[in-house]
C-alpha cells in the first residue's frame, strides 16, 4: 500500500499541473477569470491571431537560419502558450538536435510530456527523454525529477530495481554537489524507508525467517545510505547526522564517525568557494575557475568532474573552459563514454571553435570509433561556420593526419592510401574554391597541405615523381621568391631524391629568390664543395657572383631612391613650416579688419587644413634588403614554368586604372572596441554600406560603415561597422548568424589577430 501511495504521488502532481494549464498558468496564455465579457472575448481572439502570425513568422525565420537560438526559444514559448502540443514537441525536438538545452527548457518539456503519458509505451518515451536530458548538462533537479518519476513505475516487473538504478546513477552524477546533493540522498532514503514499511510483519505476528532476512537486508540498505552520505561534504551535514542518530537503534560505528568528521573538515575548505559562487553575478567564471583550481590540487577525479560540469552549465559558450575540461578527461579519466560525450557537447555549444573539433576527432580516434562516424563528424565540422580561413586549414590537416595514420605503407597500394590521396586533393580544391570564395584567401599561402602531401609521397610511398609535381605546383603559387620554400624542397630532394635534382633546384633558387638570396647561394656552394666536379663548382661560383652583384646593385639603387625621397620630404616639411609662419604673420597684420580676418581664416583653413604629411610612396620591395619585383626574375616553378592565369591577361595600365578608381579602406585599430567585423555577405549585395547601416541601426548610433571592395570595385562580402558606444557594438554581436539575402551573416568582435594571437571569439 505504501508503494502504491508513492507511485500515485507523481500522478497527483501531474494532475495538479494539468488543472493549472492551459487555463490557469500564466505561461499558457489562458484566463482564470471567466468574465463573460464580449470585449474580453474579442481581445482574446485578436491576441490568438497575433500569436498565430508570430508563430508562422518564427517558423519561416528558422527555415532560413536554423541556428537562431533566440528564435527557437520564442517559438517554443508561443506554442506552449497556445497549447499546440504536436508543434511544440516538434519545435523542441529540432532545437535539441542543434543545441544542448538548458535545465529550465528540459524541465518544462518533461513536465508537459509526463502529463500526457498514461500508457506504458508513453512512459517509455518519457524515460528516453529523461536519458537525453541528463546528458546535456549535470542538473540535480532533472535527476531528482527522473528518480521521482521512475517511482511511478515500481508496479511493473523489475520496477524497484530500476528506481534504485536511477538513484545510483543520480548519486554518481550529482551526489557530491555540495549545495544540492543532499536532496537526492534524502529522496533515495525515503524510497528505501517506504520499501522497509512494506516488509514489516502485521502487528502481533511473528516474522518468518525469510521475512526477518528481508527486514535485515532492507535495514542494512538504509544504514549504508546514511554512512555513504555522511562521508561526503554536503551542506547541512549536521542535520543528516542527527537524523541518523535518531533513526538507528544501534550506536553509530566509529568508522562512520571518523569519515563524517573528515567530511566536515573538507566542507569547511569548500565553503569559501561556495559562498563566493552564491555572492557572485552570472556567469561567475572567475569564481568557478578558483574552485576548479582548488579541486585540481585536491585531486579527486569525481569532484573535479562535477565542478567542471557546474561551471559549464553557467558558461556553456566559453570555448577555453570546454578545452580545459576535455583535456582533463582525455589525460586523466580516459573513460570512453564520458570523454566522447563531453567533446560532443563542446562542439554543439561552441561550433565556431576549430580547436574543439580537432580535439573531438582525436578523441574519437583514440577510442577507436568507427571510421564512418569520424568522417561524418569531420563533415559536420566543415559546415560549422568557422570565422577565419586558417581554421579550415587546421581542421583539414587534423583529418588528413588521421587518414594517414590509417594507412599501412608496407603495401604498395590499399583502399586507405587511395582515400588519403583523394582527401589531399579534395582539401586543396576546397581551400581554393569554398574558402577563398568566402574569405578572399585560401588560408594556406605557404601550401602547407600540399607540402605534407609531397612528404607523404616521398618518404612513405617512395614516389618522388609525384612529390616533384606537387612542389612545382607550390612554387607557381607565388612561393618561388622565398628562400625557405626552396630549401624545404631541397631538403626533401636531398633525403629522398638525387643530386641532379638538388643542383637544379638550387640553381633555380639562386635565380628566383628575392628575400634571402645570399643564403641559397651559400647552400649551392656547399653542395658543389662536397659533391660537385670542378665544372659544377665554376658554374655555381659564376652564377652566385653574378646574382649577388646584381642584388647589391639593386639595393644601392633602392637606397638612393629612399634617400632622395627622404630629402624631398624634408624640403616639403620646411616649405610647410615657412608657409605657416607667413600665414601667422599675415593674420597679425590684419587685426583691424575683423570680419575680413574671419573670412580669411576660413579660406586659410580650407587651403592649409587639408594638407597632411603623406608618407613617401615606396615601390614594393624597396628597403630592408628586399628586391623590387620588376628587377627580379619572373616567379617560376621547379622547371622554369610560370603558372597559367585562370582568365585572359589584363593590361597593366587598365588594372592600374581600376585600382585607382576604388577607394582604399583605412582601418583605425583604436576604434576596435566600438567596431564589429561583418562577413559571409553575398558578393552581389547592392549598396552594402546602406544595407549594413539599416541592419545595425537598431543596436545604437552607427558612426561609419566600411564595406571592403576589390580592385575591380566588386564587393568582397565583408566589412566593418563602427558605433558610437561600446554597448552598441556588444548588442550588434547578437545579430550573428542572422539571415541576409539567403546567407547567414557572421558578426564578430573587431580584433587584430596579429597583435592578439590568443584571442578567442
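From the backbone N, Cα and C atoms, a Cβ is placed for every residue, glycine too.
In TrEMBL, annotation is done automatically, which means it is predicted and not curated.
The model shown is predicted, which means the values in this text are computed figures rather than measured ones.
The compositional bias 'Acidic residues' annotation in TrEMBL covers 24-51 (among others).
Residues annotated as compositional bias 'Basic and acidic residues' in TrEMBL: 559-584 (among others). Taken residue by residue, the compositional bias 'Basic and acidic residues' (559-584) breaks down under DSSP into 26 helix, 0 strand, 0 coil.
If you look up TrEMBL, you'll see 602-613 (among others) marked as compositional bias 'Acidic residues'.
Here TrEMBL flags 641-665 (among others) as compositional bias 'Basic and acidic residues'.
Mean pLDDT for the domain 'RRM' (674-752) in the predicted structure: 89. For 674-752, the entry in TrEMBL reads domain 'RRM'.
The region 'Disordered' annotation in TrEMBL covers 1-54 (among others).
Here TrEMBL flags 559-665 (among others) as region 'Disordered'.
For the domain 'RRM' (674-752), the DSSP counts in helix, strand and coil order read 23 helix, 32 strand, 24 coil.
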